Amino acid sequence: MLKEPPKNSREKTKNLLLTLQDKICSGLENIDGKGKFTEESWLRDEGGGGRSRVLKNGSIFEQAGVNFSEVQGKELPQSIISQRPEAKGHEWFATGTSMVLHPKNPFIPTVHLNYRYFEAGPVWWFGGGADLTPFYPYLSDVRNFHKEHKKACEKVDKDLHKVFKPWCDEYFFLKHRNESRGIGGIFYDYQDGSGNIYRGNNQNGEASKVSENIGKSNLNWDNLFSLAENCGQAFLPSYLPIIEKRANKTYTSKEREFQLYRRGRYVEFNLVWDRGTIFGLQTNGRTESILMSLPPLARWEYGYKAKKGSREEFLTSIFTKPQDWLNDKDLENFCMENNIFD
């Protein structure tokens, strides 16, 4: 039986996620220098609402969206009931902050973040994560992103990152393309401190195997709240140094074209596979906010093949496959030799 969450659980998570939205928006405006977020507050007919913030045509960001929502409903959709059958027939509450940034410069990666909390009758859980999608590969950027999120997870429990990293690789995977959306990061869902850490669907995958070896989770509500807090705070230090390094790098029209081509994969994932998009649409969420994750421009090209030995080819052959980014010395040497380390 799950322990009940604290009496102020909803207010506490709501405030955490509102603060996260504020801090991220402030950090992004500061580094962009030109663009400002416009805010739109909205209400949902079935209960709750949110505030959507979008920055367009900044000096760094072509489009950046940071959303907060706090919503309630009578019955969770079947996609969630299948994971949490105890929630069936109960009214539910969900709050979350989600973000997708689409920079203009192809050398700055697209990035996504989402942290959320659910309650439904006797059950509650936390979910979240952050992942990076580069268009041009630089191992040092990838390492910084992973290092900061690993550190955030390990503040709560030394074993979490061992599961969340492969879980992220598994989740952000385009099955119809047989490639990863980007270089991963962390991903977790249905965390309530009971059972094993891994709660995904692939029992034969690395995340499941690592989780099985670790055994039962002994985290409580406060630990999982701290996890969301730590990981949320890790975002700016994981990403802003990449912008600082790459923002002034000039790019060609060919590199911009490749960025737009790869953005097409982002669109495909979000519309075909992403559970957050599907949940939002199934629960009559605000469509403009749900589809804010899509880039303002993208392109498709039939039968595209990158030139062998090009940076574009290194992206598609190495940086869209799960790797041990932090520890693989062979990968490090390869990136050094091919000028894609830093």
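Here, residue 1 is simply the first one shown, and the rest follow in order.
From the backbone N, Cα and C atoms, a Cβ is placed for every residue, glycine too.
Per Swiss-Prot, the feature active site, proton donor maps to His112. DSSP assigns His112 (active site, proton donor) to a strand in the three-state reduction. If you draw a 10 Å sphere around the CB of His112 (active site, proton donor), it holds 23 other CB atoms from the protein chains shown.
With a cut-off of 8 Å between CB atoms and residues at least 6 apart in sequence, the same chain places Gly96, Thr97, Ser98, Met99, Gly127, Gly128, Gly129, Ala130, Gly276 near Asn114 (substrate binding site), listed in sequence order. The substrate binding site annotation in Swiss-Prot covers Ser98, Asn114, Tyr115, Arg116.
If you look up Swiss-Prot, you'll see His102, His112, His146, His176 marked as divalent metal cation binding site, on the strength of sequence analysis. His176 (divalent metal cation binding site) falls within neither a helix nor a strand when secondary structure is assigned with DSSP, and so counts as coil. His176 (divalent metal cation binding site) has a Cβ environment of 9 other Cβ atoms inside 10 Å.
Same-chain residues lying 6 or more positions outside the region 'Important for dimerization' (266-301) and placing a CB less than 8 Å from one of its CB atoms are 42, 44-46, 50, 52, 54, 56, 62-63, 65, 67, 69, 71, 73, 76-77, 79-80, 98, 100, 102, 110, 112, 114, 133, 172-177, 181, 257, 260. Annotated region 'Important for dimerization' per Swiss-Prot: 266-301, in sequence order, evidence recorded as sequence analysis.
Here Swiss-Prot flags His176 as site 'Important for dimerization'.
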His112 (active site, proton donor) and His146 (divalent metal cation binding site), Cα-Cα, nearest whole angstrom: 13
Site with most surrounding Cβ atoms, counting all protein chains shown within 10 Å, from the binding-site residues His102, Arg116: His102
Count of other CB atoms lying within 10 Å of the CB belonging to Tyr115 (substrate binding site): 25
Secondary structure content of the region 'Important for dimerization' (266-301), with strand meaning DSSP E or B: 22 helix, 0 strand, 14 coil
Packing count at Ser98 (substrate binding site) (other Cβ atoms within 10 Å of its Cβ): 25
